[in-house]
Amino acid sequence: MTDMAGPSENTTLRQRTTASSKPEYPTKLTEDVEVKEVVTSVFTPAEQKQSLTVLAGLTVLALISRFYKINEPDEVVFDEVHFGKFASYYIQGTYFFDVHPPLAKMMLAAMGYFIGYDGHFLFDNIGDSYVTNNVPYIGLRALPAFLGAMTVPIVYMTLREAGYPIVTCALAAFFITFDNMLVTQTRLILLDSMLVFFIVCSIYSYVRFHKTRNNPFSVQWWTWLLATGVSIALTTSVKMVGLLTVATIGVAVLCDLWVLLDIRRRLTMQEFMRHFWARAFALIFVPMVIYLFWFYVHFAVLTHSGPGDDFMSSEFQETLHGNTMADGLYIKYGDNITIRHKDTSVYLHSHPHNYPRRYEDARISSAGQQVTGYAHADPNNIWHITSDDPSNPKTGEQVMNKDVIRLLHVSTSSWLLAHDVASPTMSTNEEITTYSTEEDGSRLNETTFQIMLDSGGDKFRTMASAFKLIHVDTKVAVWTHPQKLPEWGFEQQEVNGNKNILQKTTLWWSDSVEGKDAEEIEQEAAKPVKKRSFFLKYVELQGKMFSHNAGLTGKHPYQSQPIEWPFLTKGISFWTQNDTRKQIYLLGNPLGMWIAAGGLAVIVGIVGADVLSRRRGYYPLNQDVQRRFYSATGFFFVGWALHYLPFFLMGRALFLHHYMPAQVFSYMILATAHGFIFVEGVDAPISEPGPEVRPRRLQRAVVPTLAYISAAILAAIHLASFLYFAPLAYGTSAIDVPGLARRRLLSQWEFHFAK
Amino acid sequence: MNNGTSSAVNQATGPVFRGPPARTSSKGTMGQDPLQEASHDATGTGNRTSLDEKRDKINTRYPGEDHSQFTKFKSRRSLAWYQDQELQVVGVITAVALVVRLWAIGYPTSVVFDEVHFGGFASKYIKGRFFMDVHPPLAKMLIALTGWIFGLDPSFDFKEIGLDYIEPKVPYVPMRIMCGLMGVAVVPMAFYTVRNSGHSLHAAALAALLVLFENSIVTQSRLILLDSPLIFFTAWTVLAWVNFHNQRHDPFSDDWFIWLFLTGVGLGLSFSVKWVGLFIIATIGISTLNQLWTLWGDLRITPRNWVNHFIARAFCLIAVPMAVYMLMFEIHFLVLGSSGDGDGFMSAPFQMTLGHSLQDSPLSVAYGSTVSIRHQGTQGGYLHSHGSNYVTGSKQQQVTLYPHKDTNNDWIIQKRDGTVPEDLEYIANGDYVRLMHVSTRKRLHSHDHKAPVTETEHHFEVSAYGFDGFAGDANDEWRVEIVDHDGSDAASGEMLHTLRSKFKLVHANMNCDLFSHKVKLPKWAFEQQEVTCMRSAVVAKTTWVIESNQYDSYPEDVQMVNYKKPGFLSKFVELNKVMWTTNAGLTDSHPYDSRPSSWPWMRRGISFWGKDQKHIYLVGNWFTWYLSSAAVVLYAAIRCLLFLRDKRGYHDNAGGLREYYELSGGFFFMAWVFHYVPFFLMGRQLFLHHYLPALYFAILLFSVTFDLGCRFIPKRFRLVLAVLVVLTAIFVFRTRAPLTYGSEWTRPECEASKVLTSWDYDCNQFPQSYDQYASYAATAGDKREEQEQGYERDQEAEEGEEYDQLLEQAVPAAEMQQAQIGEDTALAQEEQSGGAYASDDSQITDASVTTDGQEPSSDSDIDDEELVEEA
């Protein structure tokens, strides 16, 4: 660190005038020459020391805010139901299914493992007591709380590395320390603490990387590039919203590459591609490996059958110890089987009654024997499976995928048949009926069906094989839906031929083979747990996670719309205790968030004014200030936008806490906006000098007293608001009715015990 | 993090954004990326003079070539029409279009596809009965106007696909011709759009002919549908905008204003046909912003002058379209003055304007008065009970929400102890009351039973309970909590006032709120809307008002209130909101719906109609379609390539062609993007015909690509090439024309016409040879007819399936209602069956009025009572 004279209050800000402004090429020195020292930091040692003190102080505050009475409440709160449970499952090795990637849950589980928790408790209901169930919940909560606290110094250092004066950095860190939502959400057994922590790590690493850009491919450059890659990988391994962080870094990298591509940078295409591949390796390949690694661990740990089995295919389930899938019997031609519908669990059924010739709506049927879906076990559910060739029934041979079969209804001895006649209730679907064996065989081709196995390998089995029955002649799938037939059909469920054979609801399975003797079952059932390649397992699980996540459209009383988040019009009730009238109500720091929303508006206004005036040939901003504004604040703004706007496109149920990552960015933006308004000039340069970069004169920011005063006022407002709402964030003390009424600034906040 | 060279580079391009004055004015940028312009300038090319020089060079390189089209648009008015080659070309093409589009337009002689809806709306307009539809009114009113002029008998209701037009003498031919002519007009407009963008006659004619011979556009414009007007107004807007753009060197001139104004009118009209008109608004909007941005960078233009530019555009492109749009609704409201099947969608004040009347009621509500209580969160109607019991839960008397006026909606308000004070005592906020159902003498009651349909833990059953001599119990007590009130009447926040106080009824014992949502009870409760008592419910669904209030003891001079009849604006806003929520709720699947990703390669069409071994199936001209899609991809690829090459310092100018490609091509490309990409965000069901406006722009883009791609080959080859393309398109059109016109076809030809196996028209319905059509008609015997009938119904059902189902269900439901509870008036029957379907694209729109008990997805109601987030 060079001892350099602080450059001077007398350095006037370079005010570029319109007339003299010229495009500035890096290779040409137009002005600002004469500084020959090699500088590594524009900050003085004294200032660095001061900064460390402030950093330490803020870290302590952050730890206090997160760990304050962390033992309360000693009951299960909100989504601890899920994530606590998952931790238990990890410790016990029981397979479960969740829409989020595994890292954060494994971290919690590891924490539990190290403090000696055996995973006996399943966190079933909000309000279950930890004490009576003997769960070391404080240890479990300590991990998120610690990471939540560590977010604060990292944000401080990020802004510091981006070249902001102490007051700006401290302001951002302070806002993050005393935000009610961040506090509530990070001191419980939830994933968001890890998520936010890794996000800020990503941003920090990228800022560090960007600062080394004048020495490409140096050790430092590689270190921070890889650190960025690792951080975004960890973020994405916590929750899929980490992809938004990836997008943020991606946008920055693309901008960076775009600049490098410029012919005036004089990089050859080979050099440019080297840059490109280095980034691709560190930011795409490395993160993918890390992301997959956690899944590898996930599968390695969860080896026993559990509540997640049913989400997975039967091949997958067979890899788990103690799964019933292994009990599946191989079905051979000539077996009598029962067939059940996957969705509605009815048996494929027929009985000696016919469809009416003419329905109530005057449509005409074939008046053939009814085929219905029946919910109960019954001899009429039994079907005899045989090949499509009457001369060669293939008796005893294994039924394979894509075999063409016929099904004989045993008790009425008639063949299952589909034909182009409208079904009883849906005129677009085909009627399914049966056709007596006594009549002549001319309708053979209408009675043949192809078995299409959806899962469970190539051999048709009970239990394990889900299959579709595709009518060979007309290409419809045998299907049923919860529409009851009228009285003539005994109000059983309608079965018909669905033209859309891709529908998942056309799946059936066979649950038993009639008359197979127990010995044979025993013999077949004794199968070892199967192996399956990691990638197949991963692809399947990832697909299920996506489809399930998109399917979370159920309504929830506390869900909210993204447009509401920056204005905090709705909170979430996390936990209530009737006896003590205590509650935890997730709510951001209202005043802080509103101020931050104002900060965002200010930024947009500044950008608009700057762009418009530059278009008119007027340059209102000092060049360094402008650069800093766009490269730092602009970067954070992109982060905010990318962590917020995509939620508008999501159909699933959304909650206020989804705004947390964006909120961290918004506080950082607020601080830089404050700096933009109150601090004159910027400290520059802050990037490391490189061999090809011309030395530049150092510039110092001037922090006037007003900046400190205004920052102090903002901080005071924020802190007061925090303390005022703190009882709702911590749930450690009850508020009386008038107190709640006073705190209910917006009528949409529905506190409990308010009456 | 800001030293180094990155921002210096940006700086370098910064100043040139302004551009030297002489340049910017000569270069209009339309739909063009400003960055692109910047890079042009940065590389020192592209000012006017050098462009002209280049042009001269090309002229010398290819002597004898006419490159005059290259110059900017010139008025060609000076020529007499018969001398003008262009007009002759357009005349011929339009004449061909008239023949092609209107050929045998009277066939089929029965209702096809969505004519069910749009024909039906025409009848309703003529009757003046209010209805609800998700589309704005313009095109429907045009159809209705045509029908009215030609004497459409409004008793014909277009009820189902296949209904005969001939027998009831429906003037369907003029109605179809009206749509058809709009389709014809698109052809010359395509010509002029390309021509006036500065392209050659070849390109313009090519564009017009490709649009002309596009099977799907032809099919769609021959029937009584909204898409033909939509494409017409969209094409019109673009033409006007191109003409306006050509006036850019002469701002604020008459022509400039006329075309700007006409663009605005076009925007308004497009938007008044369908909301997808928003896409053309976005297209023009971006183009406008680009223009303003260019002007802003032109330092010769003073801020004041710029403001003039801005105001002129804001007026013509914002105010004018809005005025047009609102005007259409004004006409809509004027025509639909009386009550109809759309009433049920609208609020009570709105219904007041449709001939529903409500007597004035006393303002203050006293104990002992008889009131009717209306639910605010849904348009479900009044708190209702009748002499039937629940078959579930407590098996006590049902309490429902019923949309029509009826004596069973009357409740008497009693004190907490079930008495009525002798003196007048008014009800205040927070009072506990009981509600006695007048006709059955039972009290509104709730208890710890699961609600009949919504069986989640937060819903409790609400019943009417009690018998003579029973004093009631604590479960009859409800607390009145006023949650909102009319601002003009401050007292209504404290005292319960008729119409003005919006209140919750909170059950005293269980602390749940009286609640209703768009969930229908089963048939045993006549499919009326469910009422429950719910905890943690959203406030909107628990809000009620007193609508009528009667009590003999009120003094003579009591202050009376009634709904304020809403003015045009509030009606307009309300109807648009309802349209929006209904539209968003169209999420059911349809046998022929498709996702946008399948459109550019036309994976599948739509079956419109089938009868007598003839079939109408919406499918495009694959040749035109794939050429246009290829042009779009090519354009995107070329622009990306050029973008990268610019950055690497290569200056591809292609002899000045690039500018043209980026200008007109860029605009059409942007229009295509705006008419296509937003569909990906829509959750509702979509159909192939939603792609047609985008297809139109893709065809224009293709003709531009063709023009510039052929620029360097001699003119006669260019002509030959254009003729080849057109002939191929015509051939492809001709070979699939039977699907467009519903004319005779044979099975082998049908089989041969399938380019993709996923085109699912059934070739088996066509006979082997044409002569079988004659024999088919001759041999149609009784039995055969019966079979055929079944078959037809099957076909029809493909389109109108849900409609049919609904009708089947709705009518008996209403009948039953009348039979079983006499009090529910006869009016109910009609409304019940009619109000059941409002439609879009052959689909029932509002799940709230279908009888299957589905909840519309747009409903903000709380359904899942788990207090834990599903992780």
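Using the three backbone atoms N, Cα and C, a Cβ is placed for every residue, glycine included.
Caution: TrEMBL annotation is automatic and unverified by curators.
The compositional bias 'Polar residues' feature in TrEMBL is assigned to A:8-21.
Taken from TrEMBL, the feature domain 'MIR' covers A:328-388 (among others).
Feature annotation from TrEMBL assigns domain 'MIR' to A:396-454 (among others).
Across the domain 'MIR' (A:457-513), DSSP classifies residues as 6 helix, 28 strand, 23 coil. What TrEMBL lists as domain 'MIR' is A:457-513 (among others).
The feature region 'Disordered' is assigned by TrEMBL to A:1-26.
Summarising the annotation, TrEMBL assigns transmembrane segment to A:95-115 (among others).
What TrEMBL lists as transmembrane segment is A:135-156 (among others).
Among the features that TrEMBL reports, transmembrane segment is placed at A:163-182 (among others).
Feature annotation from TrEMBL assigns transmembrane segment to A:188-207 (among others).
Per TrEMBL, the feature transmembrane segment maps to A:219-238 (among others). Sequence-distant contacts of the transmembrane segment (A:219-238), counting only residues of its own chain at least 6 positions beyond either end whose CB sits under 8 Å from a CB of the stretch, comprise 100-104, 191, 194-195, 198-199, 201-202, 204-206, 208-209, 212-213, 245-246, 249, 278-279, 282-283, 286-291, 294, 688.
Here TrEMBL flags A:244-264 (among others) as transmembrane segment.
The feature transmembrane segment is assigned by TrEMBL to A:276-297 (among others).
According to TrEMBL, the transmembrane segment annotation covers A:591-612 (among others).
Sequence-distant contacts of the transmembrane segment (A:633-655) (same chain, six or more residues past either end, CB-CB distance under 8 Å): 199, 203, 207, 241, 244-245, 247-248, 251-252, 549-556, 558-563, 565-566, 572, 600, 603, 607, 661-662, 665-666, 668-669, 672-673, 676. Among the features that TrEMBL reports, transmembrane segment is placed at A:633-655 (among others).
Tertiary proximity for the transmembrane segment (A:667-686) is limited to same-chain residues at least six positions away from its ends with a CB under 8 Å from its CB atoms, namely 13, 39, 41-43, 155, 158-159, 161-165, 167-169, 171-172, 175-176, 179, 211, 592, 595-596, 599-600, 602-603, 606, 622, 624-625, 627-629, 632-633, 636-637, 640, 696, 698-704, 706-707, 710-711, 714. Annotated transmembrane segment per TrEMBL: A:667-686 (among others), in sequence order.
Long-range contacts of the transmembrane segment (A:706-726) within the same chain: residues 167-168, 170-171, 174-175, 178-180, 183, 587, 589-592, 595, 674-675, 678-679, 743, each at least 6 residues beyond the stretch ends and with a Cβ under 8 Å from a Cβ of the stretch. Summarising the annotation, TrEMBL assigns transmembrane segment to A:706-726 (among others).
It is A:276-297 that, among the stretches A:244-264, A:276-297, A:591-612, forms the most Cβ pairs under 8 Å with the transmembrane segment (A:95-115). Across the domain 'MIR' (A:396-454), DSSP assigns 7 helix, 30 strand, 22 coil. With a cut-off of 8 Å between Cβ atoms, the residues of this chain six or more beyond the transmembrane segment (A:276-297) that come close are 101-103, 106, 217, 222, 225-226, 228-230, 232-234, 236-237, 246, 249-250, 253, 257, 534, 537-538, 541-542. Counting residues per DSSP class in helix, strand and coil order gives 3 helix, 30 strand, 28 coil for the domain 'MIR' (A:328-388).
For the transmembrane segment (A:135-156), the neighbouring stretch richest in Cβ pairs under 8 Å, chosen from A:163-182, A:188-207, A:244-264, is A:188-207. Long-range neighbours of the transmembrane segment (A:188-207) within the same chain, counting only residues 6 or more positions beyond its ends whose Cβ lies under 8 Å from a Cβ of the stretch, are 77-80, 83-84, 87, 100, 103-105, 107-108, 137, 140-141, 143-145, 147-148, 150-151, 154-155, 157-158, 161-162, 182, 224, 227-228, 230-232, 234-235, 238-239, 241-242, 245, 248-249, 252, 574, 635-636, 639, 643, 657, 660-661, 664. Per-residue pLDDT, averaged along the domain 'MIR' (A:457-513), amounts to 82 for this model.
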